[in-house]
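K.L.:
Relevant sequence annotations retrieved from TrEMBL are reproduced here:
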type	residues	note
DOMAIN	37-165	domain 'Casparian strip membrane protein'
TRANSMEM	40-63	transmembrane segment
TRANSMEM	75-100	transmembrane segment
TRANSMEM	112-138	transmembrane segment
TRANSMEM	158-179	transmembrane segment
Amino acid sequence: MIMSQGVVHPVEAPPLQTEGAANVPLPRVRMKDLQGMPGTVGGLVLRVCQLLFATIALSVMATTSDFPSVTAFCYLVAAAGLQSLWSLVLAIVDAYALLVGRRLHNSRIVSLFAVGDGVTSTLTFSAACASAGITVLIGNDLGACGRNHCTEFEAATAMAFLSWFTAFPSFLLSFWSLASR
């Protein structure tokens, strides 16, 4: 049996520092900005999508008359409201950074983004899961969709999942940007 062998290419050694240049620091290599990180066009698109989906979930749930009777739906309204506000503020920050031409690489700002994205995406995901469970209970197990707004509840839950689906990459990319320092 013929097996392929990997080819090893020699790599040049870094230049030696002379005695006079011993105190000169080596240049730092920075990670490229990936689309979706704070301060990029992809990051702005993710923020706008988060804002759009969370606002739709909030609006649909708020238009139903019987959502306050279920705790999971109240939790969904609170999580979607928080996600909407957080996404709006960070969309404004991203748009400002793009207009001014600044990069958002300050470690304090990026850590704030990472923590905020982590908290809001976790809250949105857990609220969407709880609402999905209650929606399945009402629709399939109790068979009470005729008396309730099952279609609206399902639509709001789907929008909350879509909001989480766009919030989680923002968290991962903010966390990666913070960890790569």
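A Cβ is built for glycine as well, from the same backbone N, Cα and C atoms used for every other residue.
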K.L.:
Same chain only, please: residues at least 6 beyond the ends of the transmembrane segment (112-138) with a C-beta under 8 Å from a C-beta of the stretch. Say none if there are none.
P.N.:
38, 54, 70, 72-73, 75-76, 78-80, 82-83, 86-87, 90, 104, 144-145, 148, 150, 153-154, 156-157, 160-161, 163-164, 167-168, 170-171, 174-175, 177-178
K.L.:
With DSSP, how much of the domain 'Casparian strip membrane protein' (37-165) is helix, how much strand and how much coil, in residues?
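P.N.:
Secondary-structure composition of the domain 'Casparian strip membrane protein' (37-165): 107 helix, 1 strand, 21 coil.
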K.L.:
Other than its close neighbours in sequence, what residues sit by the transmembrane segment (75-100), given a CB gap under 8 Å and a spacing of at least six beyond its ends?
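P.N.:
38-41, 43-44, 47-48, 50-51, 54-55, 57-58, 61-62, 67, 113, 116-117, 120-121, 123-124, 126-128, 130-131, 156-157, 159-160, 163, 167, 170.
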K.L.:
Mind checking which residues of the chain, 6+ beyond the ends of the transmembrane segment (158-179), have their Cβ under 8 Å from one of its Cβ atoms?
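P.N.:
The answer is 31, 34, 36-38, 43, 46-47, 49-50, 53-54, 56-57, 60, 76, 79-80, 83, 87, 90, 105, 107, 110-111, 113-114, 117-118, 120-121, 124-125, 127-128, 131-132.
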